[in-house]
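Asks: Found this in TrEMBL, in case it helps:
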SIGNAL    1-25  signal peptide
DISULFID  CYS75-CYS405  disulfide bond
DISULFID  CYS272-CYS286  disulfide bond
Amino acid sequence: MTSALSKQSLLFTTFSLALTRFSYCSVANANVNSNIPAIANHFGTKGRYEEVNSYLINDILSVNKSLLKPGCTNCTAIHVAAIIRHGTRYPSTKNIKMMQQLYDLVLNEAMNTNTWLKDIKTKWEMWYTDDMDGKLVEKGRDDHRHLAVRLATLFPSLISEENLRAHRIRFITSSKHRCVDSIVAFQEGLLNLWNVTEVRPSHKINDELMRFFDQCQKFVEDIENNQTALEEVHLFKASAEMKRVQMKMADQLQVPYNRITPDLVEAAFFLCSYEFAIKSLNSAWCNLFDETDAQVLEYKNDLKQYWKRGYGHDINRKSSCNLFHDLFNRLDQAAREIRFGHVSEAVTIQVGHAETLLPLLALMGFFRDETALTADNFDVQNGRTFRTSRIVPYAANLLFVLYDCSEGLRLQFLLNETPQNFPDIMHQAPLYDTVRETYRELLHGCNFEKECELPRPNSEL
């Protein structure tokens with residue numbers, strides 16, 4: 001608000017938001033009445049945000065401001081840095097081809113006469129096409145529109161119309177269309193909330209920050225292009241646990257065991273998850289899996305993320321050095337400027353990928369299990385903290401909130417709008433200097449160029 005909204009404008013804005021909330025809640029309540037798949041909590045990176053925060057199913061704009069209390073008196077939020085995953089998207093072309101292969105097999109070879117299988121054969125049609133290839137769906141746009149409204153409600157003094165007009169809110173995104181479309185939807189959510197029509201916020205594309213993994217030569221060479229980097233995943237695909245899921249699926253379809261490969265099992269799991277994430281449907285495909293099956297497939301997905309984006313290889317974490325330093329540079333700038341009474345950049349909204357968030361979380365020590373995830377310890381990993389279904393669903397978000405308190409600056413971290421303690425720090429919002437001391441080695445090191453360069457051949461030495 002540039003100065004103060006007129007009474008009439010304020011009433012109109014409040015009424016508009018109330019109508020919007022009513023509309024959102026009506027849709028959400030319709031989803032409550034539909035049948036959510038029993039395995040919906042195990043979809044990993046293909047999961048809905050609402051499964052992480054189930055209260056949003058009843059009210060998509062619901063927030064709990066009491067969670068933001070930093071545990072100290074006289075605190076004012078002065079800066080929010082938000083790193084957000086894109087919203088719900090279509091499958092990749094690679095996964096769509098696998099889905100088509102499974103669908104063809106079911107149509108032509110499955111002999112089971114159960115009603116749900118008849119529904120797949122007679123009522124369900126393969127509607128996914130290669131050109132969809134990871135594009136944002138309308139539900140994904142809503143993910144970000146709704147998130148924008150919730151964050152504006154949580155931080156009204158920072159995510160405000162006044163700050164938007166004053167260019168104190170910065171928007172940065174990956175170049176991928178699903179990320180660009182997500183950040184535009186986030187901006188739409190704010191503009192609709194404030195009934196602003198004459199302002200069009202801009203955004204900057206920065207792949208060095210939001211797709212750092214593509215820029216890191218050592219990661220590309222040692223992980224992305226190296227089959228052995230994911231050896232634990234390959235071993236688990238051939239494990240007794242996966243064999244059991246394959247055989248059970250073959251029995252349900254009544255096809256020979258050798259017709260169901262691990263990739264086709266995963267394709268069926270994807271069909272169940274995408275139908276739910278995109279359309280809020282409990283698809284007939286979900287009948288192929290029970291809770292135990294879903295836990296196996298969730299673990300397979302977590303293994304992949306652990307060894308490709310998490311703690312499995314050191315370069316996974318170190319590839320995020322630039323994003324780590326960018327985050328603390330912004331926090332440091334706000335910490336310096338508040339001494340003079342004004343912070344120039346109130347909010348930073350950065351949109352990337354699950355592959356953006358996971359390495360940064362690992363670099364900072366979040367969700368590190370005492371025992372590494374491997375192909376042969378599925379049975380003892382049921383209570384693991386590295387669970388992507390909870391950490392990086394669609395529209396997952398990392399929020400770093402800097403407070404100016406009477407006893408000094410404090411920093412609070414929220415994952416998916418829920419406070420999390422920093423590793424080895426008990427206070428929910430510790431002194432900022434304490435956080436900086438915890439990450440002192442990374443702040444004085446973690447050089448992206450050094451970590452990501454490939455060793456030179458002997459001939460060049």
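Any Cβ shown, glycine's included, is placed from N, Cα and C.
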Asks: Fewest neighbouring Cβ atoms within 10 Å: which of the disulfide-bonded residues CYS75, CYS272, CYS286, CYS405?
Replies: CYS405
Asks: Round to the nearest Å and give the CA-to-CA distance linking CYS272 (disulfide bond) with CYS405 (disulfide bond).
Replies: 48
Asks: Do you know offhand how many angstrom separate CYS75 (disulfide bond) and CYS286 (disulfide bond) by C-alpha?
Replies: 48
Asks: At the Cα level, what's the spacing in Å between CYS286 (disulfide bond) and CYS405 (disulfide bond), rounded?
Replies: 50
